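Some notes on the structure that comes next.
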Amino acid sequence: MNVHTASTLDTHTLLDLALQIVSEASDIVLAVKEKGFHTQKKADCSPVTEADHASEAHILSRLRRACPEIEAISEEEFSSGIHPNVNGTYWLIDPLDGTRGFANGGDDFAINIGLISGGEPIIGAVAIPAFGQIYGGGKNLGAFYQDSDGRHPIQVSDIPEEGLRVLASFYYGSEDELKKFLTKQNIQSIDCFGSAIKIIRVAEGQADFYPRFGPTMEWDTAAPQAILEAAGGQIYTIDGMRLTYGKPGRLNSPFFCSGKTQILSSASESTEPKDKISELRHHKD
């Protein structure tokens, strides 16, 4: 497959490829989940399972066969000390985003394949296996949900009159910081999800805002960011800079994910928290 030359990228073909691979990896992960698995801890104490390794092996094999000229960085290889010397264009892969939730028997896990070029995500493919969902998109490609009937465009939504629909993480981040930001906002609800699902829900208009104060890695955000931006949303750091790629250690700064710019414009305000924030918080199993 000749999809990459020195001067051009066939992004349509690459997106089709990534979507096919996340679909295949989704089946692999679900098969491991059904069969049963063991959970181990990596050096950083984060969990890893057979599903992570099986998904990663399949994704990397498929990508390297189809387009060997494009390097790939994947979470488990990177964690084991394999750090490719990437330059320009490369894949960023999370073979099982939300391993903690997966290991605990939850459904909030995803598979992410993103393509980076010039420090920005230009292609994203995300599978949410437990819900049978696949999303794709990228720069000049639009954003969509894909099923057996084809591709259905998605876009961020206007802010509801009832207030912001906010998403938060199950496991990481500072609730004090979340309350500090939200106290001046008109909040309709706060729901908790794991993995890239949060960014995807903003991209498809089911939520409006996701502030992330806890740690994330570049492979957590590359694919869903490409889809979000193609859907009209954006991710900025707390310093007001667009989230970009190629950072030391592949570690992201805290960021805000938003469907609309007016939410981000107030993200630096600090005020006292309100008790109602805790009352509005609803956890998803």
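Just so you know, glycine gets a Cβ as well, placed from its N, Cα and C.
Just so you know, TrEMBL annotations are computer predictions that nobody has curated.
What TrEMBL records for GLU75, ASP94, LEU96, ASP97 is Mg(2+) 1 binding site. Secondary structure from DSSP puts ASP97 (Mg(2+) 1 binding site) in a beta strand.
Long-range Cβ neighbours of GLU75 (Mg(2+) 1 binding site) (same chain, at least 6 residues apart, Cβ-Cβ under 8 Å): ASP52, GLU56, ILE93, ASP94, PRO95, MET217, TRP219. Per TrEMBL, substrate binding site is recorded for GLU75, LEU96, ASP97, GLY98, THR99, ASP220.
DSSP gives ASP220 (substrate binding site) a helix state. Counting every protein chain shown, 24 other Cβ atoms lie within 10 Å of the Cβ of ASP220 (substrate binding site). Annotation source TrEMBL lists Mg(2+) 2 binding site at ASP94, ASP97, ASP220.
The compositional bias 'Basic and acidic residues' annotation in TrEMBL covers 271-285.
Per TrEMBL, region 'Disordered' is recorded for 266-285.
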Check: Given the Mg(2+) 2 site residues ASP94, ASP97, ASP220, which other residues of that chain have a Cβ within 8 Å of the mean position of their Cβ atoms, reported in sequence order?
Finding: GLU75, LEU96, GLY98, ALA110, ASN112, SER195, ALA196, THR216, MET217, TRP219, THR221, ALA223
Checklist line | Those residues of the chain, 6+ apart, with a Cβ under 8 Å from that of ASP97 (Mg(2+) 1 binding site) | finding: PHE109, ALA110, ILE111, ASN112, SER195, ALA196, TRP219, ASP220
